[in-house]
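Asker: Take a look at what TrEMBL says about it:
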- His165: active site (ACT_SITE)
- Cys207: active site, nucleophile (ACT_SITE)
- 1-29: signal peptide (SIGNAL)
Amino acid sequence: MAVTYSSTRRGVAVLAGLLLLSLGSVATSQFEEQAEQFFRSGHTNNWAVLVCTSRFWFNYRHVANTLSVYRSVKRLGIPDSHIVLMLADDMACNPRNPKPATVFSHKNMELNVYGDDVEVDYRSYEVTVENFLRVLTGRIPPSTPRSKRLLSDDRSNILIYMTGHGGNGFLKFQDSEEITNIELADAFEQMWQKRRYNELLFIIDTCQGASMYERFYSPNIMALASSQVGEDSLSHQPDPAIGVHLMDRYTFYVLEFLEEINPASQTNMNDLFQVCPKSLCVSTPGHRTDLFQRDPKNVLITDFFGSVRKVEITTETISLQPDLGVLESRYSS
């Protein structure tokens, strides 16, 4: 009996050891998976280029669209120094605005997306096709201030949002000129060749918006549009007090979705694809991912709409030596 009991104890010990090893390997694999996901995107900084191409009071909603996205990316951590904001008209100071210095995105007028800290980099007649393409490609005069430059590099994730009036293969700028899908595709190719982005997310809210990404051919681009070819992109929330619609449907539901996101959210791009089904948008939103290397379900919303806040934990001891030169100058004075 003693031998049997001893053998049983040894067997239990072996099983316990195997169980601990398996649990340890599971914990290690889970940690490695989390670490891999944490560093998966490979970018070190985020930029946003937000463009409203429309003028005149009846296009109030296009300015509200752009300012809503601007507000969201700032809330999620992208600073003004990494945002290029282009507004073709100043609705906040328009004489028809019954509430000066405000732009609202909700008809109950609870959310003023203009705020006190909006930094418009290109305004009014500065918003042209030429200036937009120069910002993207970096072909700008040396005298251009830093706030009007897209100072991205090959480790930058860039969000480009555009809204205005468009058609099959073009987007109008201020009713005086237009940018075509071919010009836009070539600009993105120049950006890739000049190592100006790591990954690029293009979103457009306009009629026949999907036509604008049909000609894209550069790597690492994901594109979303509010409508398919042959469809109009419809407005939302008419406000009798102001006399115009406050937003477009697609951007309204994107904004509603982004309001639930925080910098630590694990929400991915697949979720963004679903925010405005045809039952809500009336038009049919589209997206294109064939040029993008990663699976959209592995791409966090904050990879484009938020700021990079990556921390690498180390067990190494770091010795901080005082700057003797600074100390000497401080005490000698």
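Even glycines carry a Cβ here, placed using N, Cα and C.
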Asker: Under 8 Å between C-beta atoms and at least six apart in sequence, can you list the same-chain neighbours of the residue listed as 'active site', or say none if there are none?
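Answerer: Result: Thr53, Ser54, Asn59, Leu171, Lys172, Asp175, Thr206, Cys207.
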Asker: Please classify the secondary structure at Cys207 (active site, nucleophile) using three-state DSSP.
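Answerer: The three-state answer is coil.
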Asker: Helix, strand or coil by DSSP: which one applies to His165 (active site)?
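Answerer: Coil, per DSSP.
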Asker: Around Cys207 (active site, nucleophile), how many other CB atoms lie within 10 A of its CB?
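Answerer: Counting Cβ neighbours of Cys207 (active site, nucleophile) within 10 Å gives 20.
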